[in-house]
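Novice: Once you've had a glance at the structure underneath, I'll fire off some questions.
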Amino acid sequence: MTTLAIDGGDPVRRAPWPAWPPPASDAQRKLLAEVVDSGHWGATSGPLCEQLAAEFARRHAAKHGIVLTNGTLALFVALRAAGVRPGDEVVVPAYTFVACATAVLLLGAVPVVADVDPAHLHLTAGTVRPALSDRTRAVMPVHLAGSPAPLDELLALAAEHGLAVVEDSAQAHGAAYNGRPVGAHGTAGTFSFQSSKAMTAGEGGLIVTDDDDLAARIWSACNVGRVRDGAWYHHAEIGWNLRMTELQAALLLPWLERLDDEVAARDAFARRVVDGLAAADRPVEVVPQPPGTTADSRHLLMLRAAPGVDRDWAGRALAAEGVPVDAGYPPLGGLEPLRGQARALPAPGAEAAAATVFWLRQPQLMAGPDGADDVVAAVRRVFGDVRAFPAPPR
C-alpha cells in the first residue's frame, strides 16, 4: 500500500492551484481605467451599475435587476420588499451560511431553521411544512453550492400558504432549474459578488424579480427611499444608501461574457471527478445533483464520507496530498449567536452533513482535467483503506 503523505509519503500534487479570483482580464482593466478617468465612480453619476443590473437580469431570465452592496443586504432588502416585518417568521435551511439567518434578524423577524433533504442538502416541501406557523411570511430556499433547490414543490407549498419565496442564489450564478435560470422563479432572488463567488468584485450583491412593484420598492430601499425619475430630495419611503459603485460594476460586466464558459469548465471538472470515483470501492461519494437541475454552476463540489469515517482526519490527509478541502457548515440552528433568536427544528439531515460532507472550492474546480485527476487520485488514496482511519472522536 502507498504511504499517505500525512504519514511521510510523497503527495499526489505539488503544483499550486489556480488563484481565485483570477487575474483581471484585459476587458476589466480597460473598463476600470475608463471609470477612473471619467470621475463618475458612483452609481448616481455613471451608467455601468444600471447596465450590469439589466444585463445580469436578462442573463437570468428576469424582468428586473437591482445592484447593491452585498448578498446579505440583498436578502434583507428582498425580504423587506416582499412584506416581511418584525415578528414575522422566515423559513431557512439548517445547512447554509449564517447570513440567511442574520438577514432575517436584521428585519426584526425570526429565522425558523428547517432541516434539509439528507441526499441533496436542500429545503424541500417535506422539511418546510413542519416549520410553518401562522406567523410565517416567507421561505428562503438556498441553491447550495450552485445546485438548484427543488423549486416546483417549494413554490407550490408557498402558494398554498400565501408565502413569499426569496431564492438565495449567492452560489448559483448561471445555474438553471427545469430549463430556466434560478433567481426569479419565486418572488425574488438574490446574488452575491463576494470574493469567493463565481462572479466577484470583492463585494457586491444583486436582486432579480419579475414583479414591477417589488422592483420599485427594492430600488427605493437601496436609494434612500427615492423613486426613479423623482426629485433628489423626495423620499417616498424609508431607505438607505446601499448602492454599488461603478468600479465594482466595471469588474462584473465583462465577467458576464465568460460566465457560461467558466460554469462549463467547473462542470466538466466535477463530472470528471464523479466518473473517476464512480468505479472506486471507497467510503466516499460526490453529493448528487437534485432532480430538475438543468445547469449547476458548481460554486463548490461537495463530497460525502460514509458514516463512521473520520471526515476531519480525511480532510487533513487530503491537504497533505496537495488537495485542500473545506469541512463546510455547522448546523445553523446550533450556532451560539442564534440561540434565543431563531426557532430551530430538529435537523438530522444537516447534522449528518456537518459531520460527513467536505468541499472543493473554486481554485480546485478551475484546474482543468489534470486537477480533476489529482483530486480523484488523492481521494482514492486517502479513502483506500477505511481500516487505516483513526477512530472518530466520541
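For all residues, glycine too, the Cβ spot is worked out from N, Cα and C.
Sequence annotations record features per position, and here TrEMBL assigns transmembrane segment to 65-82, 94-114. Residues or ranges marked as active site, proton acceptor by TrEMBL: Lys197. Per TrEMBL, N6-(pyridoxal phosphate)lysine is recorded for Lys197.
A description of the local structural setting of each listed feature is requested, covering burial, neighbours and distances.
Specialist: Taking Cβ pairs closer than 8 Å, the transmembrane segment (65-82) reaches residues 43, 49, 52-57, 90, 99-100, 102-104, 106-107, 109, 137-138, 140, 164, 166, 168, 170, 187-194, 203-209, 214-215, 217-219, 221-222, 242-244, 249 in its own chain, all 6 or more past its ends.
Counting same-chain residues at least six beyond the ends of the transmembrane segment (94-114), those with a Cβ under 8 angstroms from any Cβ of the stretch are 71-73, 75-76, 79-80, 84-88, 121, 123, 127-128, 130-131, 133, 135-137, 140, 142, 144, 168, 170, 329, 331-333, 335, 337-338, 341-345, 347, 349-350, 353-354.
When secondary structure is read from DSSP and collapsed to three states, Lys197 (active site, proton acceptor) falls in the coil class. Within 10 Å of the Cβ of Lys197 (active site, proton acceptor) there are 24 other Cβ atoms, across all protein chains.
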